[in-house]
Amino acid sequence: MCPWDPEPYTMPEDDLESLPGVGPATADKLVEAGFESYQSIAVASPSELSNTADVGESTSSDIIKAARKAADIGGFETGSMVLERRQQIGKLTWNIPGVDELLGGGLETQSITEVYGEFGAGKSQVTHQMAVNVQLPSEYGGLEGSCIFVDSEDTFRPERIDDMVRGLDDEVLQATMDHREIEGTPDDEDAMEELLSDVLDKIHVAKAFNSNHQILLAEKAKELARDHEDDEFPVRLLCVDSLTAHFRAEYVGRGQLAERQQKLNKHLHDLMRIGDLYNTVVLVTNQVASNPDSYFGDPTQPIGGNILGHTSTFRIYLRKSKGDKRIVRLVDAPNLADGESIMRVQDGGLKPE
Ligand SMILES: Nc1ncnc2c1ncn2[C@@H]1O[C@H](COP(=O)(O)OP(=O)(O)OP(=O)(O)O)[C@@H](O)[C@H]1O
Ligand SMILES: [Mg+2]
């Protein structure tokens, strides 16, 4: 189920010794500290690099500059290329009419959607449901695509995907089977088993062990999206659940706040780039501290503060309500009115009120 290597510290694919001032010993130290690619060095700060690799700060700056160049961060394209890309934007259904209406049709490709809320609000349920919905035929609101799931909290559960597939309407199930040329009907357990395993095969999961690893996985995700670009089921959804947990745990204390934000910002731009280049929905989750915590300020504000706010194009605040009900609130979306809708989290997945 995982065609890409989930191990954190593999041998570097990039030739670190081609960077100025990096010999074999420094290259080893960099790799040991988790800086194994141009991209991971490109996002480091000079002080961070000089501490871990034992080189002066000005040499660190040179190394970082060269790594940025080698990683090919940034770049220009023409206005017509941008236009052509914008015309490909797709909408991914929640299969909940009220929520789809709120979102103007569903989650957009080439955008980042941030789902935030307290524990148990249903953020991970949303990522699981979208990993199913993205695979549906387009006439049922899907994008006929596959999913990349970056899991930082060990929340991905294949069993939950099974529940959600079984929870689809028979008509949608039949169309999905037909689309994949699976013979049989939803009543036929063999056909269902075949469908379930095919759906799971189209979800590429990797666990992120720490924030640097998470940043590297975004790089891998880009390669994976590129490699599958011309497939029958190209990558149309990239989930990061949770986006912020590692960053929050690792960068504690006020002194590290700026560095944390800088890394998070870079990571988000990497994700955005994948969304743009490969026409994918980027769906990230963010926990809101449920007990008031003065360090993070207002408990109803998502972790990550402003930078995250400016980068994510759609922001959805999930709140628990009675029983299985959840309030889905759209916050600060461009060109869409703020508003709320209700969904239910049930055994068969996310359902209308
Ligand atoms: N099989 C199921 N049937 C019904 N409800 C379920 C099922 N599985 C999960 N849920 C509901 O989903 C809730 C968990 O939601 P979820 O894991 O998405 O929360 P979260 O927002 O990701 O929380 P956290 O911040 O801790 O990651 C459970 O409390 C339960 O109410
Ligand atoms: Mg969760």
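Any Cβ shown, glycine's included, is placed from N, Cα and C.
Annotated features, as they stand in TrEMBL:
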- GLY117, GLU118, PHE119, GLY120, ALA121, GLY122, LYS123, SER124: ATP binding site (BINDING)
- 88-288: domain 'RecA family profile 1' (DOMAIN)
- 293-353: domain 'RecA family profile 2' (DOMAIN)
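GLY122 (ATP binding site) counts 23 other C-beta atoms within 10 Å of its own C-beta, drawing on all protein chains shown. Listed binding-site residues: GLY120, ALA121, LYS123, SER124. Those with a CB atom under 6 Å from ligand 2: LYS123, SER124.
Least crowded of the binding-site residues (GLY117, GLY120), judged by neighbouring Cβ atoms within 10 Å of its own Cβ: GLY120.
The residues near the ATP site, meaning same-chain residues not in GLY117, GLU118, PHE119, GLY120, ALA121, GLY122, LYS123, SER124 whose C-beta sits within 8 angstroms of the mean position of the site's C-beta atoms, are GLN125, GLN287, LEU318, LYS320, in sequence order. The Cβ of ALA121 (ATP binding site) has LEU318, ARG319, LYS320, ARG326 as same-chain neighbours under 8 Å, each 6 or more residues away in sequence. Per-residue confidence over the domain 'RecA family profile 1' (88-288) averages 95 (mean pLDDT, predicted model). For the binding-site residues GLU118, PHE119, LYS123, the greatest number of Cβ atoms within 10 Å around a candidate Cβ is found at LYS123.
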